[in-house]
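One structure below.
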Amino acid sequence: MTRSPARPGTRAPRTTRAIVVRAVLLTLLALALTFALDPFRNYQLAVIAATFCATAGLTLLVGLTGQLSLGHAVLMAAGGYGYALVAGPAAEAGLGGTARFALGILGALVLSAAVGGLLGLAGARLRGPYLAGLTLALVIALPALTTQVPGLGKDQGLGVPFEAVPAPLAGLMVVEQWHAWIAVVVAALAVTPLVVLRSGRAGLRMRATHGDEVAARLAGISPARVKVGAFVVSAVAAGLGGAVLAVVTQSVSPGRYSLAFSLLLLVAVVVGGLGSIGGAAAGAALVVLLPWLVEALTSAGGLSADLEQRLSGNLALAVFGALLVAVTVVWPGGLAAASAGPRGRLARALRRSRADDGPGPTSDAAPAPASDPTSDQASYQAPDQTPDPLPITER
Amino acid sequence: MRNHTPVPTPQPGRSTAPPAVRATAAASAAVVALTLAACSTPAAATPGIDDDSVKVGSHQPLTGPAAAGFSSISAATKAYFAYVNDNGGINGRTIDYVVKDDGYNPATTQSVVRELVQEDKVFAILNGLGTPTHSSVLDYLDQNGVPDLFVASGSTTWNQPDEYPGTFGFNADYVVEGAALAQYARDEDPDAVVCVLGQDDDFGETFLEGVELALGADGVASYQTYTTSSEDVTAQLGAMKEAGCEVNLLATINGFTAMALGTAAQMGWSPQWYASSSGGDYPTLVGFLGEEVGPALLEGFVSANYLQNSPGSDWYELFQQINDEYNDGAPFDGNTVYGMSVGYLFAEALAKAGDDPTRESLTEAVESGALVGNGILPLTFGADDHAAYDGVGIAVVTGGVQDFVGATYRVDGDAVAAAEPAPVPLENEGIPTP
Amino acid sequence: MDRLVLLVSTGVARGLVIALFALSLVIIWRAARIVNFAQAAMAVAAVYVAFAVQQATGSYVLALLSALVVGALLGVAVERGLMRHVAGRTPMPGMIVAIGLVMVLQALLGIFFGPKHRPMTPVLSEAPLYVGDVPVLSRYDLFVLLVALVVVVGLGVLFNRSTLGLQLRASAVAPEVSRLLGVRVPRMVTIGWMLSSAVAALAVLLLVPTELGLNAHSGDVLFVHAFTVAVLGGLDSPAGALVGGLVVGVLISLVTGYASAGLAPLAVLALLTCVLLVRPGGIFATKEARTA
């Protein structure tokens, strides 16, 4: 795999300790931020944090191993149902507080890891579009699954026990802020291991598998194991996000985890920059806030009722689609690349898209190993991810 | 800290909360209450209402696959409120109706309802549409003490005064509709083979319960279901035709009622069709089937309703007038009457909630049983009944006009019985008075 | 027995449309190595034009022709204006751009035409014809069958018996060599897009009269089924698309008829999972296809 020298200005996390320290600082910052927000903004922050869990896992999966999952909503749903199926009975059994929450989270972990593992096994055998097809069929089948499997509450879903503000904090905050705290902390716990993995050997293996499976195999890496591992890790993160959403909204139902939501997660990671965790955070904020912003704009604009009704919902969708197209075509690094030096990236992207004009996409048909770092967006992250020469502890 | 912050009050009805949580919640409530008391917040604590106006919110599917057929409801309600406001409002207050689109997606419902409560600071939520969507915010509205009036769905979920003291339904529930339609089928022809086509969710199942209430557990020859994701009911109708069905009861939304009729016609099969009020609106169905074939297919079509849809009735004419004047003359159909009737009922509740309504006095007004509404039967609201109607009238399409035929049924406990229609007369130009 | 015949024939009729749409996905995959997620949205846009033409002229033939032409033009526009500028040697960036395009197109259709379903009546009767006492396909189903056959035979002749077809196949399999031999590969890609989008528009035009009416989302379910079918049969295989389409159509119909409508998506998922477990490149996959 060819490698460009690390550019100045990129901050690649070097050691696990540095990553954890940074994560703790960011988490504390986010927790402090909640005091500046009103309840609705705190609710939005909680939803963003939950979505971030899923996009962080997805960006790793798509960006590093090159597996396109259209079913990440199902993995979030698995986490949500896992939580509800354990926390609900726990509440009925009289259990409360931290124990119930922890058990619920455990349920979310188990169920999402199981679903992720199965998908990973499929992903290890299937190539791009075939995996996309399978995950698409899965996300379409989710409502049917919840209707047909007893105990999943059909289309109304399941209720989730209410998590009140603990007594010592009750004077400090209202329930929305407490839920934002839960969401931020769980997101930190879900995402930090991903960052550690990404910057360590596991990340290197993922990129190697994506770059050239044969070469990876020669280097002693088992592509199947790497792919399954990536899927499970990504699924667990998404599942934690689903559990958080279940807690925050006190319910889990199939309607939330539709194909449209799966595609929005994809929008988030592409616009954020494939492979970039920071980009995944920005993308998560974008998909949560943009529809609300657009709605606020259209309803404030003094439009006719009919036009407002037609724009409502559709306009945000159009913006998402346009962003997805524009970022992929013009600006393949996404927001992450933008923050790392917009001009250089843009110029490179333009140069490359011009260079590709001639042959046209058919040249793909040639079984060219994608060893060229410009072969897709994912590899754009390569410079940031130059592996540490020193062995890194993977915990 | 803001004075409107939701207090995690212990809810006696929340069976899921174990004692420990309740104790915690109670303690938190006490602490928050103390904190609030410490903050210098004005006492006029009821959000969304002042001397000149009252703000209510709603979530409706304006976009997405479910938007067709439903998006006109909130427009009609808005038009009715504009009419009331132009005539001086209720107790001197104008009504400001904030409608947010949820695309029939529970995730969006949860977000927009929080926005309505916390950002727009609405006084109450009115006519939130859809069973899966509205179910996802029941707990939230309950915990925040927001009145949740006249939900637009016939689920029996809304009628749980102990669990959700602030939630009230509007539609006659699906049990009532199923029972009434089945009883009418039995009364018309005791020997008819009756079948049911239902949506594969709460709608279909609750409707079937009602049908079995009237006909007994083995009274349904064939029960078929459809999902809204697949626009094809050929297989289901094939099965029903083979089962020899003569009367088909439909727990379907308008689009699928049209599909069922159209598909059967293509099979060369013409049984009798009995549809619930959620899928029995003649103008909407003609829109789906097309002007050429619609009227012919719909001749003799039976449906249930509880609102004053009779062309020529005083209410119908008033609503038509309001529709022309305040709704840009939008197509006038069952949804228009529905939306305006919801508006009327809310205005009436507001009028009867006192000179300075609070959230409590609003729900008390509904529970008091003093509301009369504008249906063809008396309202049944009470302290232990949060359903609006326990009966429906039967309407039949004759010569392209859908009108009540006089047959009316009410469900009392487990029994369905014929009743006398008692349409509420129009008074004071349709503007409720205290 | 009657019921079985009815269900199978309904399944075949629906399956034909799915097969036709899946075929369009196969054409585009072979030509450009792209899974065109926007295929259904583009086709629905073309059918809106066809609908307007039918309203204005009352002629179904003109509507059909305009669907084909507008579909093809949309294909050219999307390829030249967008897809050509997508960088990358893997199919993924193209798929992502196509997903973005679906969102844009559906949003625009929703904004311009609103959420209403516009009813389209079938050109021929949908009443089933009887063989003895048993109801089988309707006239409209036979029409769909005929159209599907014409398309399949036409494409077969085009690809296998003409110079253009040879060039199309050559540039799909070995673009570099083809270029050296004087084939204008980019033009071949454009032609692939045209053919594919026109076939897709035709499939949606045939579908809409059997459903609720024309709406921005009319093609959604068809796309999902067709993509499943294309993956099931092998993205490189036209035969796979046809066989897969019929299998999935009949499967959905049988499961809905004998079990319940809610089980149908699960049955499709189960079928897909089983097939891909045994043959990761689809039923009709060739070894070469899997290296794509």
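Note: Cβ is positioned from N, Cα and C throughout, glycine not excepted.
Automatic, uncurated: that is what TrEMBL annotation is.
Per TrEMBL, these features apply:
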- C:6-27: transmembrane segment (TRANSMEM)
- C:34-53: transmembrane segment (TRANSMEM)
- C:59-82: transmembrane segment (TRANSMEM)
- C:94-114: transmembrane segment (TRANSMEM)
- C:142-159: transmembrane segment (TRANSMEM)
- C:188-208: transmembrane segment (TRANSMEM)
- C:239-260: transmembrane segment (TRANSMEM)
- C:266-286: transmembrane segment (TRANSMEM)
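When Cβ distances are compared across the two stretches, the transmembrane segment (C:239-260) makes contact with the transmembrane segment (C:6-27), since 3 or more pairs at least 6 residues apart fall below 8 angstroms. Same-chain neighbours of the transmembrane segment (C:94-114): 32-42, 44-45, 48, 78, 82-83, 86, 88, 216-217, counting only residues six or more beyond its ends whose CB sits under 8 Å from a CB of the stretch. Counting same-chain residues at least six beyond the ends of the transmembrane segment (C:34-53), those with a Cβ under 8 angstroms from any Cβ of the stretch are 21, 24-25, 28, 59, 62-64, 66-67, 70-71, 74-75, 78, 83, 91, 94-95, 98-99, 101-102, 105-106, 109, 113, 118, 120, 196-197, 200-201, 203-205, 208, 214, 216-220, 222-223, 227, 230, 235. The transmembrane segment (C:142-159) and the transmembrane segment (C:266-286) are not in contact, since fewer than 3 Cβ pairs between them lie under 8 Å (pairs 6 or more apart in sequence). Count of Cβ pairs under 8 Å against the transmembrane segment (C:59-82): among C:6-27, C:188-208, C:266-286, the largest is for C:188-208. Distant neighbours of the transmembrane segment (C:266-286): 225, 228, 230-237, 239-240, 243-244, 247-248, 251-252, 255; these residues of the same chain sit at least 6 beyond its ends, with a Cβ under 8 Å from one of its Cβ atoms.
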